[in-house]
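The structure appears right after this line, and notes come after that.
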Amino acid sequence: MKLDRLLSVSDFERAAKKFLPRCVYGYVRGGTEDERSLRANRQAFDELGFLPRGLNVVDKRELSTELWGRRYAMPLGIAPTGLAGLLRHECDLDLARAAQQARVPFIISGSSSVPLEKLQEEDRDNWYQAYFPGDRARMSRILDRLRAAKIDVLVVTIDTCVAANRENNARMDFIIPFRMTPRLLLDGMLHPRWSVGVFLKTLYANGIPRFANLYEEIGPPITQEPAHGFRTGRDRLGWDDMVWLREQWKGRLVLKGVMHPLDAEKAEQIGADGIIVSNHGGRQLDGTIAPLAALPAIIDTVSERLPVMIDGGFRRGTDVLKAIALGAKLVFVGRATLYGAAVAGEAGARRVLSILATELDRDMALLGCASLSEVTAALLKTRAGAAFEAANYD
Ligand SMILES: Cc1cc2nc3c(=O)[nH]c(=O)nc-3n(C[C@H](O)[C@H](O)[C@H](O)COP(=O)(O)O)c2cc1C
């Protein structure tokens with residue numbers, strides 16, 4: 001595959017769709033139930049338009065941004081995505097390397113399969129996303145593991161207290177614990193490059209993929225239910241646990257999956273260092289508003305000191321600029337880089353990041369801005385009839 005023939009994130013999605021078995025592509029693309037949240041994420045970008053300025057001198061453009069004293073090359077990062085190893089052999093490593101090369105953050109998923117200690121090699125500044133069980137003794141042991149692996153930024157996902165209703169996965173027999181069925185076998189046979197290059201290669205090199213980073217120990221293969229259950233007790237987790245966690249964890253603490261302004265306020269009160277406004281890419285509660293639509297009210301609620309980040313549906317530089325204009329500090333992409341990695345591993349994920357960087361640079365200039373601080377809500381207009389919150393951007 002000639003990567004320079006793929007010009008946009010959508011091109012990568014089309015190529016990934018061809019390469020991946022239907023069940024794996026469906027797992028990545030899909031949302032839950034009627035996919036209302038998934039659709040809302042993309043539609044929100046159409047409700048906002050730009051009012052660009054002309055004749056601003058924009059020959060010296062600066063895309064880099066600073067967060068907690070670290071400088072990132074652009075306001076973009078790679079969101080945590082579980083089971084990425086089904087798209088590419090050791091896909092987590094490809095994503096971590098691509099992020100490191102592009103000088104952007106990569107969040108290791110709690111449901112990933114390359115051990116986080118290995119992902120941390122070569123001085124990478126990865127963040128770690130936890131799916132904590134509702135059990136403080138176990139949480140303590142996970143924190144010990146993170147400290148030993150020199151993880152500094154801990155991201156706690158708060159939108160996954162119970163398993164989501166992913167009917168599309170169930171229809172294609174794609175369920176965890178994973179079981180081989182005739183339908184899956186046929187799907188694999190129809191995608192021989194994936195079967196040989198990913199499935200068999202992984203089985204041969206590492207055996208059945210494991211939940212390597214969910215708990216304090218390397219977990220069981222994805223064909224087995226973990227001894228303590230896959231999601232045991234997550235619905236017991238509450239704000240008290242976050243207060244406790246804040247006392248235990250001296251590194252940066254970020255809450256991911258914040259949608260309500262009152263939760264954003266609580267996150268700041270318990271001393272979180274940042275939040276990620278997210279509806280899990282439309283993969284948890286169906287029928288939520290888009291994170292982009294939730295952003296203005298959250299920005300209005302928290303103090304300027306709290307970095308507000310966002311993810312959900314970002315596919316273009318212009319999408320990222322809309323979130324920056326509304327006050328986001330950093331934007332994460334989930335599926336975009338996964339499609340890149342599915343097509344060509346690290347090189348594919350790098351190409352996707354570089355396409356987004358080029359778009360961001362060009363679009364910022366076309367908007368009349370030389371730096372991100374100039375990208376403000378004064379350059380946005382809601383489309384006629386759009387139901388966007390805090391819609392007065394004039
Ligand atoms: C295949 C896949 C797996 C995901 N796994 C996780 C996960 O393990 N933990 C988590 O917090 N979010 C997970 N997410 C959600 C992403 O972190 C992110 O919120 C979402 O993908 C952003 O939307 P986008 O894919 O449209 O960019 C996953 C998303 C996808 C597509």
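Quick reminder: no glycine exception, Cβ is built from N, Cα and C everywhere.
In TrEMBL, annotation is done automatically, which means it is predicted and not curated.
Along the domain 'FMN hydroxy acid dehydrogenase' (1-385), the predicted structure has mean pLDDT 96. Taken from TrEMBL, the feature domain 'FMN hydroxy acid dehydrogenase' covers 1-385.
A 10 Å cutoff on Cβ-Cβ distances gives Tyr27 (glyoxylate binding site) a total of 20 other Cβ atoms nearby, all chains included. What TrEMBL records for Tyr27, Tyr131, Arg166, His280, Arg283 is glyoxylate binding site.
Gln129 (FMN binding site) falls within a strand when secondary structure is assigned with DSSP. Here the Cβ of Gln129 (FMN binding site) has 24 other Cβ atoms within 10 Å, regardless of which shown protein chain they belong to. The FMN binding site annotation in TrEMBL covers 80-82, Ser109, Gln129, Thr157, Lys256, Ser278, 311-315, 334-335.
With a cut-off of 8 Å between CB atoms and residues at least 6 apart in sequence, the same chain places Thr157, Asp159, Thr160, Ala164, Gly257, Gly312 near His280 (glyoxylate binding site), listed in sequence order. Annotation comment: TrEMBL describes His280 as active site, proton acceptor.
The binding-site residues Lys256, Arg283, Arg335 differ in how many other CB atoms lie within 10 Å of their CB, and the one with the most is Lys256. Highest local Cβ density among the binding-site residues Pro80, Gly82 belongs to Pro80, counted as other Cβ atoms within 10 Å over all protein chains shown. With every protein chain in view, the residue among the binding-site residues Arg166, Arg315 whose Cβ has the most Cβ partners within 10 Å turns out to be Arg315.
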